[in-house]
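Below is one structure; the comments refer to it alone.
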Amino acid sequence: MKAKSLMVVGTTSHAGKSLLAAVICRWLAQQGYRVTPFKGQNMALNAYVTREGGEIGYAQAMQAWAAGIEPEVAMNPILLKPQGNMTSQVILRGQVVGVTRAADYYRDYFERGWQAITEALADLQQRFDWIVCEGAGSPAEINLKHRDLTNMRVATYLGAPTILVADIDRGGVFAHIVGTLMLLEPAERALIQGIVINKFRGQRSLLDSGLQWLEETTGVPVLGVIPWLERHYAAEDSLDLWDPRPQRQGADLKITVIRLPRIANFTDIDPLLAEPSVAVEFLPPHRPLGRPDAVILPGTKTTIADLQVLRETGMAEQLKTYAAQGGTILGICGGWQMLGTAISDPLGLEGCPGTYEGLGLMPLHTQLGPTKCTQQQQTQSLYFNCPEPILGYEIHQGQSEYTGDRQGWHPLFAAPELGLVNRAGTLWGTYLHGLLENGPWRRHWLNGLRSRRQLPPLPTAIPHYGEQRTVALDELTKTVMAHLNLRGICKLC
């Protein structure tokens, strides 16, 4: 018997599709169903690597964990990773197949993409009871509908009852909903079986007259109003980083993350956001660095271009001065490559071929090449006493070699190519995404920062962040489902 299907689309980007899809996955799984998420095509710089070494959007990995299953490539057969100048890296069935310009994508990849989507759906339909699908952006972009692989084309193919979610916090929610429905084809509009309003602040009763009008005007029931929630889940794209973030008051430590223009895999920071004693700031490169307890240079899709931005804005010099004064810097993936002496791009993969000077803070030379490394890793910590294996994953388009005198530098892990630290414990670099999810390792690293402030150490015998994420998903599902009624729409599936 084929799986039942449910679709979630949004009036805009950032409306809450990923959150709602994750909650529905969790809710159905709690009832004993075998559930899988699905997003035909995703455009995001937050990615995850499956056990088989395939790359998918991190949001689909999060939804898989919500469903209680291991992420796999079939959940997101197409991933587009923007890399500037109107180009994107195309990842099909988990593997890089090329780079395309927006104007050429439809011609070069539409048919191949739709085939990958239908094959993935056929596979999932045979193995699961439910497929919870997520759209992308808006389903009513009339100039793009002929090339839309993600929204109503998938819903129509599956005959899936569809939920339309809208963000009320940005204003204009009724116009967004009615306008979206008006722009859909009649057959597509007939699939919309429910409306969800997300991010509501204030007194619920003040919405009642508007909701009544909405149902009478559209003929579509409102399934619920989700209140504004502090972020319990990983954001899908860097748009989230532009939202004002309240600084945690009374925190012992301040950690500054450089908000690179093409920042990628900033989900690496989520475990720090969950630490009560840590305040995290995402800082644009043109702003003064100040004197935080630590700086993180995160991953980036275009290392060389973002390195140039650091130079042009003066952030490169600020980081060098900060390091010379004993400040702590952790570079992750592309951020680690920047900390080295040089980055070579002989094939011009990121623009003009050449060799570019790094920040010169670590004995590391990186050469970009055509082969992309995407694999999960399990290793042992050498620098900190962590009895449990260190888990993470690599996503990088380049190989790094240690150069010059390595006196005073120590490998972080049993696999020495995965990370390096100086003797003073102030300059850190790693290729491991997800490193800070390893609870004992994260606490040891934070305790090093705390000792410089003469603060007592935190307990290190704590579980992996994945356990904390599971609790958060349960709490999120309980909170959201208290404001939704999905039983009616599920009966239509």
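Each residue, glycine too, has its Cβ placed from N, Cα and C.
Taken from Swiss-Prot, the feature domain 'GATase cobBQ-type' applies to 252-441.
For Cys333, the entry in Swiss-Prot reads active site, nucleophile, with the evidence type sequence analysis. Sequence-distant contacts (6 or more apart, same chain, Cβ under 8 Å) of Cys333 (active site, nucleophile) comprise Ala264, Asn265, Pro298, Gly299, Thr300, Glu394, Ile395, His396, Thr430, Tyr431, His433.
Positions annotated as active site by Swiss-Prot: His433. The secondary structure of His433 (active site), as reduced to three states from DSSP, is extended strand.
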Secondary structure of Cys333 (active site, nucleophile) (DSSP, helix/strand/coil): coil
Number of other Cβ atoms within 10 Å of the Cβ of His433 (active site) across all protein chains: 27
